[in-house]
Amino acid sequence: MEQVEILRRFIQRVQAMKSPDHNGEDNFARDFMRLRRLSTKYRTEKIYPTATGEKEENVKKNRYKDILPFDHSRVKLTLKTPSQDSDYINANFIKGVYGPKAYVATQGPLANTVIDFWRMIWEYNVVIIVMACREFEMGRKKCERYWPLYGEDPITFAPFKISCENEQARTDYFIRTLLLEFQNESRRLYQFHYVNWPDHDVPSSFDSILDMISLMRKYQEHEDVPICIHCSAGCGRTGAICAIDYTWNLLKAGKIPEEFNVFNLIQEMRTQRHSAVQTKEQYELVHRAIAQLFEKQLQLYEIHGAQKIADGNEITTGTMVSSIDSEKQDSPPPKPPRTRSCLVEGDAKEEILQPPEPHPVPPILTPSPPSAFPTVTTVWQDSDRYHPKPVLHMASPEQHPADLNRSYDKSADPMGKSESAIEHIDKKLERNLSFEIKKVPLQEGPKSFDGNTLLNRGHAIKIKSASSSVVDRTSKPQELSAGALKVDDVSQNSCADCSAAHSHRAAESSEESQSNSHTPPRPDCLPLDKKGHVTWSLHGPENATPVPDSPDGKSPDNHSQTLKTVSSTPNSTAEEEAHDLTEHHNSSPLLKAPLSFTNPLHSDDSDSDGGSSDGAVTRNKTSISTASATVSPASSAESACTRRVLPMSIARQEVAGTPHSGAEKDADVSEESPPPLPERTPESFVLADMPVRPEWHELPNQEWSEQRESEGLTTSGNEKHDAGGIHTEASADSPPAFSDKKDQITKSPAEVTDIGFGNRCGKPKGPREPPSEWT
């Protein structure tokens, strides 16, 4: 392919890269993220080591501790001076068109490295020095002044003497003629000082940059000696100037390769100098500057009568876009963003971000007509950095659609369980879905979605187990009838029931992915009658994973589920209670509720406690109606009894018409007045303070039975609690073992707290002026 065609294709490619993609980003940002990803890989995997710059004697010679010269391309100083005999300077060689040492990319000299800087200039016979920063920027010193001002006396950095013979002011830059003297020998060199390039940014116009580079090459056309280019760190602005000059030399020689690509050029430069072209704006500037050079070169070809070369070779922008799409199909899909439990300052974000690899995106589904409940496409109205708009993709019938719950549960999993059958089956669509939220900063989220987090996402409950000495070692199996949960009011309980069902579904999907079971297909849009809260089920050592149920989503035996024998191990008790809770949740019907699309990256505690999400439970004070509680006496090692509470449904206390427990109904107590307090017995105080004696294993049961009978409750036979909808059937032949007795007692929301039993019963609770019949 001839040079004219190559130049035209590049210009059209740059124009196509300016158009935003479906995420609102242009291709410059996508490519630059890939460059940062590669640089992070170089640093973390030590592909290009920087051992010399990390030495203790050289650390003070680095302006920035994270910008160190690569060992394989660093500039070594052999010229010795009385005060400096080290061979280290923070500088690297960058190869040019004709030689491997066309440029010296270095940092702005420090006060203690000015002599090293002049040693390098003298040793390598440098004639051109390009300075792309000011001495001070944003109130900080970016470079030590290593030259004298024009008209002032020469300055000496022993054994070097520098004087300024001339200074010429140009648009945005200066040209100074410096005279360098060393050991009765003098050399004349030229400094091109660009003064209008902001740090980590780009100038408003790059015409003066091209003018400076063009004039620089008039002073030195060859590459026999290197050109020294520096800014403050010697990587961002320095790399941009090197890339433009390198391409310009290729253009002058007519050697622009057919596969010329700025991405590959800068990637190659980054293997020679750390972080060459440091920002996305600088990366775009290089593209635009090179495209302008190519346009001027095309005009020269046309002026010289080369129009016949261009006949019939026009390539439209649409054709260029199609070629870019074909290139996207050859590259791997992007990986989902990973979260980290502890953020690290500095360049840690480079390590966390995944490369936004190009990949074809299926067509976006149009939003459905407005309904009574918000759908996924209407949760966020604005698509910006902190409120990314989720996008649903169309899947072919033969593919398994991506499961929204499973995809985001995988991203929020702190244990990093990503290798499963689900990932291999739905890899393509899941990764597309994750790619669209990659710009969300970690641990940041919209404050408008804070509210009551218990109503938005499910949480695993960490249960403090009782001491092994308290658990009855002769405990026997007990039967629990797990009937369907009875819901009196759909509008009050639909949110909680759907949250429970989806929490079990997320836990079940995690277990099925480990066993490599077949994944049932999931539709792109959930039907309205099946929508519920998306929950994130986190499994840790305290949270037992339920056994996978049958595919229809119900327990194999809904009416007779036998509990396992309570073991003396503390964690086993918690696992069994969590197992019982999950079975009750599983039997609850799915009700109509709004779909809450929660971003796992916005989770306040997704990775803060090593797999436990109980932090949000304690932070958000809400009324929790529990349907299962276990009370056991404390051992001598604990100061208070441990009370296990497993929340089954979440309801606000102020909601009118909340069903009361069976105890309240039997006592014929109205909604306005709380139930009468039971009479206090000495044993209730002894339980919280005194050690356990062996003969008390049966005594507390008898006392507790008497107290419950006074409230209208029975401890044997069949009980029916309307508040939780749980039928408890106590075994008749089982001895009254108090420590492992699972009394299904449902308290009103106002009475449930997270403190121990002894602390709750230490002082009677109630109104400040109780009724007379209470005393």
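Placed from the backbone N, Cα and C atoms, the Cβ positions cover glycine too.
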Next item on the list: Could you let me know which of Ser560, Ser603, Ser710 shows up in Swiss-Prot as phosphoserine?
Entry: Ser603
Next item on the list: Could you check Swiss-Prot and say which of Ser550, Ser588 is marked as phosphoserine?
Entry: Ser550
Check: Which residue, chosen from Ser606, Ser705, Ser716, is annotated phosphoserine in Swiss-Prot?
Finding: Ser606
Margin query: According to Swiss-Prot, one residue among Ser205, Ser407, Ser434, Ser499 carries the annotation phosphoserine; which one is it?
Written below: Ser434
Margin query: Can you find which of Gln278, Gln292, Gln297, Gln299 Swiss-Prot lists as binding substrate at the same site as Asp199, Cys231, Ser232, Ala233, Gly234, Cys235, Gly236, Arg237?
Written below: Gln278
Check: Of Ser331, Ser555, which does Swiss-Prot mark as phosphoserine?
Finding: Ser331
Checklist line | Which candidate, of Thr319, Thr598, Thr630, Swiss-Prot gives the annotation phosphothreonine | finding: Thr598
Note to self: Please identify, among the binding-site residues Asp199, Ser232, Gly234, Gln278, the one with the smallest Cα-Cα distance to Ser19 (phosphoserine).
What the structure shows: Gln278
Notebook entry, point to check: Do you know which of the binding-site residues Gly234, Gly236 has the most other C-beta atoms within 10 angstroms of its C-beta?
Noted result: Gly234
Notebook entry, point to check: When you look at Asp199, Cys231, Ser232, Ala233, Gly234, Cys235, Gly236, Arg237, Gln278, which the record names as binding substrate, what is the longest CA to CA distance in angstrom?
Noted result: 12
Note to self: At a 10 Å cut-off from the C-beta of Ser232 (substrate binding site), count the other C-beta atoms across all protein chains.
What the structure shows: 25
Check: Residues near the substrate site, Asp199, Cys231, Ser232, Ala233, Gly234, Cys235, Gly236, Arg237, Gln278 excluded, by Cβ within 8 Å of the Cβ center?
Finding: Ala132, Cys133, His200, Thr238, Gly239
Item checked: Lowest local Cβ density (other Cβ within 10 Å) among recorded positions: Ser19, Gln278 -> Ser19
Next item on the list: For the region 'Interaction with TGFB1I1' (344-437), would you mind checking the mean pLDDT of the predicted model?
Entry: 45
